[in-house]
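A short write-up of the structure that comes next.
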Amino acid sequence: MDFQLQATDKHARAGLLNLAHSQVATPVFMPVGTQGCIKSLDATDAQEILGAKLILANTYHMYLRPGEKAVGQLGGLHRFAQFQGSFLTDSGGFQAFSLSNNVKLQEDGIVFKSHIDGSKHLFTPIKVLDIQYSLNSDIMMVLDDLVGLPAPLKRLEESIKRSAKWANLSLEYHKEKNRPNNNLFAIIQGGTHLKMRSLSVGLTHKGFDGYAIGGLAVGESVDEMLETIAHTAPLLPKDKPRYLMGVGTPENILDAISLGVDMFDCVMPTRNARNATLFTHFGKISIKNAPYKLDDTPIEENCACYTCKRYSKAYLHHLFRAKELTYARLASLHNLHFYLELVKNARNAILEKRFLSFKKEFLEKYHSCSH
């Protein structure tokens with residue numbers, strides 16, 4: 001993997017990420033494709049209509065169903081899903097914790113029960129890499145010990161030491177495997193305790209292909225989250241991509257870009273779409289509301305997305321009310337277009353040294369009215 005830092009505007013960064021299957025311009029938003037697809041969309045929607053170059057798939061879910069060996073036999077995630085871009089896969093640790101009532105944390109890994117059939121499984125740092133090798137992920141995340149917030153200081157210290165130990169073990173194994181097309185990212189933990197974040201960075205080897213700021217958006221306030229990012233991002237290697245996991249709103253993303261973050265993922269655009277909430281530059285609208293029943297205009301005037309160029313709010317209102325499956329596709333295409341355009345415009349602003357004014361103008365407009 002090659003990461004080229006092209007421009008900075010104060011702390012905001014614009015770069016190019018060269019992966020085995022694509023070249024990705026940063027800042028980048030990665031649509032979430034948990035089961036190997038973005039919910040309600042296929043690979044053609046992702047790559048040709050949205051122009052997405054990098055999407056996230058979930059190691060936990062692909063391991064349990066259909067199984068990483070099946071995906072490997074079928075040519076890896078790219079061939080299986082017919083997606084010509086790149087995949088980032090997370091380690092599955094978060095899902096093991098959040099989806100199972102019976103999780104046991106051990107020094108060598110995480111024991112959990114499948115949310116599908118109750119069968120017992122062990123994720124170790126090596127096991128999750130082997131799964132991701134079978135998936136042939138462009139970017140693989142190490143197994144980490146995630147802590148919900150608030151958390152006692154002792155638990156945070158345990159988490160960062162265990163996460164760093166697992167990360168460094170993963171890096172040693174990855175070097176032995178000699179798989180240059182599968183890049184390995186470390187994850188920095190420590191909650192909102194800044195000293196713990198510094199310690200986590202210090203304990204983590206500097207030889208990873210990229211670094212993620214994990215363990216945020218799990219119960220802390222927005223101010224605490226931003227303070228943690230502002231503290232942590234400058235501690236990470238400047239020549240490696242920085243990934244903020246699972247965040248978030250348009251405001252969160254712009255704030256994090258201004259603090260030096262390059263990569264983002266979140267289920268918000270697609271989940272909100274399925275639940276009738278659509279993003280516009282003037283804020284969010286709820287398409288299920290009665291005023292849209294006879295509204296013959298697109299979701300947003302001047303929006304170039306597939307949906308806005310073809311369909312009215314009235315049609316989307318009808319599809320949602322009728323519980324038609326097509327609604328989820330059209331709404332998701334719009335919301336993902338909004339997010340992808342947001343980071344694209346942020347990138348252009350960084351290249352032109354006007355990011356702060358771009359951010360200010362966007363937020364003023366976005367908060368100007370509610371629908």
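Indices start at 1 and increase along the chain as displayed.
Each Cβ is built from the backbone N, Cα and C atoms, and glycine gets one as well.
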Swiss-Prot annotation of region 'RNA binding' - which of the ranges 85-91, 113-119, 190-196, 246-252 it falls on:
246-252
Additional site residue, Gln73, Gln106, Gln132, Gln189 [criterion: listed by Swiss-Prot with Asp90, Ser91, Gly92, Gly93, Phe94, Asp144, Gly215 for substrate]:
Gln189
Looking at 100-104, 155-159, 270-274, 280-284, which one does Swiss-Prot call region 'RNA binding'?
270-274
Quick one: which of His231, His334, His367 does Swiss-Prot put in the Zn(2+) site with Cys303, Cys305, Cys308?
His334
Non-local residues, at least 6 beyond the ends, that sit with Cβ under 8 Å of the region 'RNA binding' (270-274):
31-32, 38-40, 284, 328, 331-332, 334-336
Can you give me the Cα-Cα distance between His334 (Zn(2+) binding site) and Gly92 (substrate binding site) in Å, rounded to a whole number?
28
Cβ-Cβ distance under 8 Å to Ser91 (substrate binding site), same chain, at least six residues away:
Thr59, Phe123, Val128, Gln132, Met140, Met141, Val142, Leu143, Asp144, Ile187
Return only the integer: C-alpha distance in Å from Gly93 (substrate binding site) to Cys305 (Zn(2+) binding site).
35
Rounded distance in angstrom between the Cα atoms of Phe94 (substrate binding site) and Cys308 (Zn(2+) binding site):
35
Distance from Asp90 (active site, proton acceptor) back to Gln189 (substrate binding site), taken between C-alpha atoms, in Å:
15
